Amino acid sequence: MTFLSPPEIPTIKADNGTYYDFNNGARILFPKGEWHVNIIDEESGNILFSCDTKAGWVTSTKKYYVKFRIQAFKKGDEKPFLDTVMELKDKPVLISFPTGTLGDIIAWFHYAEKFRIKHQCKLECSVSEEFITLLSDNYPDIKFTSAQDKYEGKPYATYRIGLFFNGDTDNQPVDFRLVGFHRNAGYILGVSPQEDPPRLNLSAERKIQEPYVCIAVQSTAQAKHWNNGLGWAEVVRYLKELGYRVLCIDRNAHAGNGFVWNHIPWGAEDFTGALPLQERVDLLRHASFFVGLSSGLSWLAWASRIPVVLISGFSRPDSEFYTPWRVFNSHGCNGCWDNTNYNFDHTDFLWCPVHKGTDRQFECTRLITGKQVCGVIRTLHSYLTNHDRII
């Protein structure tokens, strides 16, 4: 994941030619001389770092939200010439999000709004252009900046929201695999990890009169797919028997890597394409429900406030947003994404850390049968029927 870089020089000038700020942790830049510095967690009083130094940088190891206190002394002095506690109220703060992901940003963004409300700061968020289009009108108190542009701002503090692997607890206070990847944003920012969908424009008029269900069958790794060879065909057939049109809304009708490719299910209507996210929301908003994977379009459906049938074994049931229509099979190997013994390999499309190359590869979703998913759909359909919510 790539993020905006902090300013080359800290943004606040102190006495004695010293500069400091809180961009990607506490940062202090000293001129020539003999100095002593303390970096303190103000909430606990713990001294996180204390050292003598000459000209150069002192930076905190921890980059997530900590209420830092910085004390800087001329070496030998008892009284600091700089003694400041980080205070974000009315200060310019940047939250930098990575690009190239859909579900991650949908999952994380409302934590930024919680942060703004908590601290009453002047918040700026760096996201890709497609998310500026999707979100900016619904968050008028946040300034949006394109992550693709060169950044020349001078914020007081910067935070980076992402997934940090290999047990990294410098950029996140806890390993994201222990708390669910979306809640990780709450922990990084020091706000409640309770999940909340972002605010979207849900005002589009309905264009398809018949009841319909949206599905999405593609994802970024084969482990995230539903690897039951007959599953999607059974689900599409069953949905049509219930009277729904079935619209496949993946970006691509066919996607894969090397010798493994996944295709739009037989019988589904092809609504695939690289469409603006708002157009996807406009279609999802009026669907009776969505059936998908541990992938970005499931998150977009959740944010569109419709029921989501989520099929996954690669991740554990609390790894994504809560849905009563989660489909998970505990009878085989499962949950490798959330297992701290394994580090996900983004370069290996066929990553399966325990059973790759054996007949048990991807059994986490292969053992989820069409019967099991159709059973969940039957329960959801009955609920919608009984509450007069078939739309």
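From the backbone N, Cα and C atoms, a Cβ is placed for every residue, glycine too.
Predicted, not measured: the structure shown is a model, and the values here were computed from it.
Record features, source Swiss-Prot:
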BINDING   T101, L102, G103, Q218, T220, K224, R251, L275, G296, E320  ADP-D-glycero-beta-D-manno-heptose binding site
ACT_SITE  D104  active site, proton acceptor
BINDING   C333, C336, C352, C364  Fe(3+) binding site
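Here is what falls inside 10 Å of the CA of G296 (ADP-D-glycero-beta-D-manno-heptose binding site) among the recorded positions D104, C333, C336, C364: D104. When the Cα atoms are compared, C352 (Fe(3+) binding site) and T101 (ADP-D-glycero-beta-D-manno-heptose binding site) turn out to be 22 Å apart.
For the Fe(3+) site, the Cβ centre of C333, C336, C352, C364 serves as reference, and the other residues of the chain with Cβ at most 8 Å from it are A223, G313, F314, G332, N334, G335, P353, V354, H355, Q361, F362, E363. The recorded positions shown are D104, C333, C364; of these, the one with its CA atom nearest the CA of T220 (ADP-D-glycero-beta-D-manno-heptose binding site) is D104. Taking the C-alpha positions, the distance from C336 (Fe(3+) binding site) to T101 (ADP-D-glycero-beta-D-manno-heptose binding site) comes to 20 Å. C333 (Fe(3+) binding site) and the residue listed as 'active site, proton acceptor' have their C-alpha atoms 25 Å apart, to the nearest angstrom. Each residue contributes its Cα atom, and for D104 (active site, proton acceptor) and R251 (ADP-D-glycero-beta-D-manno-heptose binding site) those atoms are 17 Å apart. Considering only the binding-site residues T101, G103, R251, the residue whose Cα is spatially closest to the Cα of C364 (Fe(3+) binding site) is G103.
Taking the binding-site residues C333, C336, C352, C364 in turn and counting surrounding C-beta atoms within 10 angstroms, the largest count is reached at C364.
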